[in-house]
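Undergrad: Can you keep this structure in mind? I'll have questions shortly.
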Amino acid sequence: MNELLLNLVDPLHQWFLGLGDGGVVLWSVLKILLIAVPVIVSVAFYVVWERKLIGWMHVRHGPMYVGMGIFQAFADVFKLLFKEILQPSSSHKAMFIIAPLLTLAPAFAAWSVVPFDAKLVLSNANVGLLYLLAMTSLGVYGIILAGWASNSKYAFLGAMRSAAQVVSYEIAMGFALVGVMIASGSVNLSQIVFAQAGNSGFFDWFLIPLFPLFIVYWVSGVAETNRAPFDVVEGESEIVAGHMVEYSGGAFALFFLAEYANMILVSFLISIFFLGGWLSPIQGWVNADISPWIDWLWKGGWPWLLMKVFFFASAYIWFRASFPRYRYDQIMRLGWKVFIPLTIVWIAVTALMVFYGVIQKGV
């Protein structure tokens, strides 16, 4: 399947290059659209899946109309886009509009270094991991700006909570990725996946030797995206809707889109860093060439990556339906007193495992 896709892309790339400088610009725009459009569509269907799955957990049907519920999210988007963006008279007009854009931009920019397969990546950067850390940290600036520009006590309190929460869990996430970097010997995301390849299938993945770091990264990812049970940033029962309380229409939709795009992104990154990305869990167990449509089951491919992502994306929904919201002090205590010390200890353990050959790079 990958070869068929590449056979279509390569001639198209050469045709654009033949157009000169304008063709290079058009090709860059096309690559951006090839990332942005699928992400937007994925968010739409993810919202439908969330409402449907929570409905089943609550023993009800969930969305049933608008194309049997499939196109419910698209109907919601059209509703929001046609609503007026109301600005409080005391707000900072320019910053009020810039804030949702500043939140959305990093959420989309981070996708440029995410590999979907060995060859399906927009930019195979050698500093991809560092780039991701930078991009995922920038989104909080839009939230802080929204809280300040709204000139609302609830919005400002939500923004301050977000800043403290992101700073707290960004440290734990960064330390967890230091362990991944030590185990793989690279900060290139594709090389991190290749480091988990081998003849033992899922036993070669970093999930087993780096399991504590996997748990820390997963939970910290939930906290970074401000999702339940860490959604004190927009806690409805406490501060109405936090930094989004004054936003409506398309501006609110941009915050919503950024949040769900980040949730899908974190699901991808967990799969890449700890579960072998596109690698098959039975890779190396079967050596057969039957058909390109079947061989991916044991050779690996993007369908495996999407299945792993689907699991973690669904886990976000499961957390929301199952766990109550933590108190703010409990969230801070978990980040500073549990996760950060645990990651520091396991970085040392990981270094020892690499030194003594317990963790070996893939073939």
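Don't overthink the numbers, they just go from 1 along the chain as shown.
Cβ from N, Cα, C; glycine included.
From Swiss-Prot, for reference:
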TRANSMEM  29-49  transmembrane segment
TRANSMEM  62-82  transmembrane segment
TRANSMEM  96-116  transmembrane segment
TRANSMEM  127-147  transmembrane segment
TRANSMEM  163-183  transmembrane segment
TRANSMEM  202-222  transmembrane segment
TRANSMEM  238-257  transmembrane segment
TRANSMEM  264-286  transmembrane segment
TRANSMEM  299-319  transmembrane segment
TRANSMEM  339-359  transmembrane segment
Undergrad: What stretch in 29-49, 163-183, 202-222, 299-319 has the biggest tally of Cβ pairs under 8 Å against the transmembrane segment (96-116)?
TA: 29-49
Undergrad: Is it the case that the transmembrane segment (62-82) and the transmembrane segment (127-147) touch, counting contact as three or more CB pairs under 8 Å in which the residues of each pair are 6 or more positions apart?
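TA: These two segments do not touch.
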Undergrad: Which residues of the same chain, at least 6 past either end of the transmembrane segment (299-319), have a Cβ under 8 Å from a Cβ in it?
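TA: For the transmembrane segment (299-319), the sequence-distant neighbours (Cβ-Cβ under 8 Å, at least 6 residues beyond its ends) are 1-2, 46, 49-50, 53-54, 57, 116-117, 120, 218, 222, 225, 227-229, 263-264, 266-268, 270-272, 275-281, 283.
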